[in-house]
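Report on one structure; see the data block that follows.
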Amino acid sequence: MNPADAMQAAPAIDMSLFGLFWQAHFVVKIVMVGLLGASIWCWSIIVDKTLLFRRTDAEMDAFEEAFWSGRSLEELYRSYNDRPAKGLAAVFVAAMREWKRSFEGSGRQVQSLSQRIEKQLDVTIQREVEKLESRLLFLASIGSAGPYIGLFGTVWGIMTAFTSIAASKNTSLAVVAPGIAEALFATAIGLFAAIPAVLAYNKLQASVAKSQSRLEGFADEFSAILSRQIDERLSLAA
Amino acid sequence: MRFPKPSFDRSEPGVWVSAGTHVALLALALFAVAAPALPNADEGVPVEVLTEQQFSELTRGERNAEKPQEKPNKADRVSEKVEDREPENAKVDKPAPPTRPAEMKVASVDEIPLRAELSETVKEEAAAAAAKAAEAKAEKAAEVKAAKAAEAAAKAEKAEAAKRDELQKLVEREEAEAVAKEAAAKEAAAKAKAEAKAKADAKAKAEAKAEAEAEAKAEAQQKLAEAKAKAEADAKAKADAVAKARAEAAAKAKVKAMAEAKAKADAEAKARKQAEMADKFNAGDIKELLANKAPSQSTGATGREVQRTASLGTTTGNAQKLSPSLRDALVGMLQQQIERCYSAPPGAAQGVILPMLDIKLNADGSLTSEPRILRSGQNAVDQSIAQAALRAVRRCAPYKIPSQYAPYYNDWKAINAEFEFSRV
C-alpha cells in the first residue's frame, strides 16, 4: 500500500496521557479509572500506616520509660486509665483492670487470676495488632492483582485495536501502533499502582511484626510481675 | 476495611495526601510532560500483496536446469505469415545497418573533419612556395619586360609622333584643299588672277608648310631625343615599381584565388555530403522514430510453432513437490504396471540387491528416453534381474498416471526407484 494511503487511513493519534485515556475503549477506561483509584487508596493507606506506626513506636517508648521509671503500678494505672490507651498502655491497662476487678468486692478470686490476666493480655495484644494490621491486606491484593487488572485492560484494548485494523483493512504500523500503545497504557497504570503497594506491604508487615513482638515481650514481662504479686498475696493469705 | 470519612482526620491524613499527590502528578504529566510529536507515519517497508497465482508465476521455471537451451524458441503465438527463407540465405536475418536518425541531419556536418582541409593546407603551403618562386621569376621577368616595354614605349612614341605629323599634314592638306576649292568655287570669275595668285599662294603655302614641317620635324626630333632620354630614365624606375606592384598584385591575387578555391572546395564538400545524406535518408527512419515513442504494444513474439517450455522452465513449473506418500503411491503404481510385463529370469530366486532404475517419463506416461539401470548387484543373477526389469519397463511403456499427479510432473518426470518384482 502507498505510504500516503496509510497516512490517510491512520487517524491522527493524540499520544498525550489524556489522549490515550480518552481514545480507549469503555472497558479499558473503567479499568484505568479503577486502577487509578486503587493507587490513590494504596497511597493513602501507606501514608496513614506509616504515620500510625511512627506514633505507636513513640508511645511505646514513652510508656516503657514510664513503666520502668519506678512509679507504682496503681499510679500508672490511674494516669493511663483516663484516656483511650494504645499499644503497650492498652495491654497494661487491660491487665491492671482484671487485677483490680479480682481484688474488688468481698470475694478474692485469686486462684485463676494469673490465667485470666494472661487471656486478657492475649486478647488485648491481638486487638492492638489487628488495629495496626488493618487495611494492609488491601495493599497485598493490589500488589498482586494490579498488574493482572492492567493486563486485562491491555488485552481488551488490543482486541479492539485489531478489530479496528481489520475494519480499516490496513496493516501499516501507523494504524496498529496507537491502539496497542493505548492498550499498554492500562498495564502501565496497573504497574504504577502495584509496585508501591507491594513494597509498602512488605515494609509495613515487617513493622507490624516488630510491634507485635514488642507487645508480646512486654506482656510476658508484665504477667510475670503480676503472677509474682499474686503468689506473694496467696502466701500472705495462707 | 474502613472507608475514609469525608472530613479531614488529623491522625489519618492518608487519603487526602494520596489523592492530592495523584492529582498533582497527573496534572504535571498532562501539562508539563508534553507528548513528543510523532513523526509522520511513513511505511518503512512498502508491502505489496501477491496473490498465489502471481507468486507461482514469479517462481515458475525449472530450478535445476543444466544449461540454457541452445536455440531458444521465444515464440508466444503462431505467426500468421510463415516466412520461409531461401536456402542460400543466411539462417539469421541480417541486422539492418544502423541508420542515422533524422534529427542529426546538418548539425553534425560541420563537425565532421574534412580530409580535404588537410590537403588544402599542404596545397596552400606549396602554393605559397610556388608564389614566392613565381614572384622571383616575375621580378626578373618584369625587369626584362620593363626594359622591353621601355623600348616599345619609345618606339610607340616615335610612331605616334610620326603619325601625328602625318595627321597634321593631312589636316593641313585637307584644309588647304578645302580653302583651295572654296577659293576656286567663289572666285571662279577671276580665274586667271586667282589661279596665279592661288598658285603663288599655294607655293608660298607649300613652302611655308615645308618650312613648318621641317621645323616641326626638328622640334619633334629634339623632343624625341629628350623624350627618349627621359623615357629611358623613367622607364627604368617605372619598370621597377611596376614590376613590384605587379608581383605584389600577382601574389595577392594568388592568395585570394587560393582562399576562394578553398571556400569553393568546402562548399562543394558540404554540398556533396548533404546530397549523400539526402540520398541515404529513408522513410524507415521516421517510422522507427515513431515506433520508439509509441508505447510497446507487443502481444508476444510469433513463430512457426508456439514455445511450450518456458525458458529454463516449464509452463507447469510451479515447483510443486510430491509428498512422500504420493511418491510412494506413484512408485507402487508404476511397479504394478511394470510387473505385468515382467518375466523373471531363470534362477532369479537368489536375487539379493534390488535393481535401481532410472525411468524418464513424459507427462502422458510415455518414456522420454531409454530407461537405465542406476544400480544393481554384481553377480549374474542380480544383473539378469535388472536387465529383465529394464525390458519390462520398456515393454509396458505408456504408463497410466492419474491426473492428480499432473501438477507434480516436474517431480516425477525422472524417477529413480528400486523395484521389487515377484518371481512369476
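Glycine is no exception: its Cβ is also placed from the backbone N, Cα and C atoms.
These come from TrEMBL:
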type	residues	note
DOMAIN	A:102-216	domain 'MotA/TolQ/ExbB proton channel'
TRANSMEM	A:20-46	transmembrane segment
TRANSMEM	A:136-159	transmembrane segment
TRANSMEM	A:179-201	transmembrane segment
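Within its own chain, the transmembrane segment (A:20-46) has Cβ neighbours under 8 Å at 13-14, 135-136, 138-139, 142, 146, 149-150, 152-154, 156-157, 160, 178, 181-183, 185-186, 189-190, 192-193, 196-197, 200, 204, counting only residues six or more beyond its boundaries. Counting same-chain residues at least six beyond the ends of the transmembrane segment (A:179-201), those with a Cβ under 8 angstroms from any Cβ of the stretch are 13, 15, 17, 20-21, 23-24, 28, 31-32, 35-36, 38-39, 42-43, 45-46, 49, 136, 139-140, 142-158, 160-162, 164-165. Using DSSP to sort the residues of the domain 'MotA/TolQ/ExbB proton channel' (A:102-216) gives these counts of helix, strand and coil: 100 helix, 0 strand, 15 coil. Within the model, the domain 'MotA/TolQ/ExbB proton channel' (A:102-216) carries an average pLDDT of 87.
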